Amino acid sequence: MFVLSIHLSLLAFGLVMSILLLLAIFRGTPRTIKNYSVLLFWCAFNDLVSIVADLMSMERLTILLPSFVFIAIGPCTMISLDFCNYCNSFFCGTIVQSTIIQCISFWYRYRILSKPAPGAFVLNMIVMFCALPNVAHMIFFKNIKDYNPALLNAVQKLYPNQKWTGAFLYGLSDIFEPGKAITYGYFFVIMPVLFGFLIYIRSRVSFVIFALRDRRSMSEKTYAMHHVFLKILTIHALLPLTIIVGCASVVLIILGIYNPEFEALIFLMAMIPPIVNPTITIWFMKPYKAWV
C-alpha cells in the first residue's frame with residue numbers, strides 16, 4: 001500500500017504537469033521556437049499517454065520462471081482484460097518512444113547548427129515514421145501475451161495467502177518460447193542502442209556549440225539558447241536510466257534473488273521519466289514557465 005500510494009501520487013503529479021505543458025505549448029510558444037515545439041509537443045503527448053496507461057492499469061510484474069505475469073489492479077479492470085493488456089503494451093512502448101523522440105531532438109539540435117531548420121511538417125513526418133516500428137511492436141507485444149491459467153498458478157505459488165479477486169492477470173506463460181523471448185527481449189536491446197546514439201549525438205552537439213562559440217561564429221545570446229536546450233535534452237536523456245534499476249530487478253528475479261520489493265521497483269522506476277520530463281521542460285523553458 002505504501003508503494004501504491006507513492007505510485008498514485010507521482011502519477012497524479014505527472015498527469016497535471018503533462019497537461020500544463022501541452023497547454024503551454026499551444027498557448028505560450030514564441031515564434032522563435034515554433035518548429036522545435038513540434039518535438040516538445042510529441043514528447044509531452046507521449047508522456048501523457050504513458051502516464052494515463054500506467055494510471056489505468058496500476059501494474060506489477062511477477063516472475064516465476066518460465067512465467068512472466070503482469071498483475072493489473074487499476075481502473076482498467078472495470079473495462080476488460082484486453083483493455084488492461086493494451087494499457088500495459090502502450091506503457092512499455094511509450095517508454096521506448098520517449099527515448100526515440102529524445103534522439104530526434106538531439107539530431108534536430110545538431111542539424112540546425114550548420115543547416116536550415118526542418119519545417120514543422122517534416123518534423124511531424126520524421127516522428128511518425130520513427131514511431132511505426134515501435135507501434136508495430138506494441139501491438140505484437142499485446143497479442144503475444146497469454147490469458148493462461150498457468151499464470152494464476154505461478155502467482156499463487158509466490159503468494160499462497162493472497163486473494164486475487166478483482167485483479168487481472170496476463171503475461172508470458174513461457175518466456176523461453178522463441179517468439180515471446182524475442183518480443184520481450186526487444187526492450188533490453190533497443191534501449192542500449194538508443195542510449196548509445198544519445199551519448200554520441202550529445203557529444204557532437206556539445207562539441208559544435210563550443211567550437212562555434214570559440215570561433216565567435218555564434219553570439220552569446222544564441223549560445224545561451226542552445227546551451228539551455230542542450231541542458232534540457234541531457235536531463236531528458238538521463239532520466240530513462242532509471243529504467244536500468246527496473247531491468248536490474250528483472251535480472252535479479254530471473255537469477256533467483258527474489259524479493260517482492262524488486263517487483264514493485266520495475267514499474268515504479270519505469271514511470272519516472274514521463275513524470276519528470278514535462279516538469280523539466282516547464283522549469284527550464286522560460287516562455288512555458290512564464291505561461292504556467
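Backbone N, Cα and C define each Cβ position, glycine as well.
Look at TrEMBL and you will find 6-26 (among others) tagged as transmembrane segment.
What TrEMBL lists as transmembrane segment is 38-57 (among others).
Positions annotated as transmembrane segment by TrEMBL: 63-81 (among others). Same-chain neighbours of the transmembrane segment (63-81): 55-57, 87-88, 145, 147, 150-151, 154-155, 157-158, 164, 166-176, 184, 250, 253-254, 263, counting only residues six or more beyond its ends whose CB sits under 8 Å from a CB of the stretch.
Residues 34-35, 38-39, 42, 89-90, 92-93, 96-97, 100-101, 104, 108, 183-184, 186 of the same chain sit 6 or more residues outside the transmembrane segment (119-141) yet have a Cβ under 8 Å from a Cβ within it. Per TrEMBL, the feature transmembrane segment maps to 119-141 (among others).
Under the heading transmembrane segment, TrEMBL lists 186-212 (among others).
Taken from TrEMBL, the feature transmembrane segment applies to 233-258 (among others). Residues of the same chain lying 6 or more positions beyond the ends of the transmembrane segment (233-258) and with a Cβ under 8 Å from any Cβ of it are 43, 61, 63, 65, 95, 98-99, 102, 105-106, 109, 158, 187-188, 191, 195, 198, 202, 265-270, 272-273, 276-277, 280-281.
Residues or ranges marked as transmembrane segment by TrEMBL: 264-285 (among others).
As a quick check, the transmembrane segment (38-57) and the transmembrane segment (186-212) miss the bar of 3 or more Cβ pairs under 8 A, pairs 6 or more apart, so the two do not touch.
Counting only same-chain residues 6+ beyond the ends of the transmembrane segment (6-26), those with a CB under 8 A from a CB of the stretch are 37, 40-41, 44-45, 47-48, 51-52, 54-55, 58, 267-268, 271-272, 274-276, 278-279, 281-282, 287-288, 291-292.
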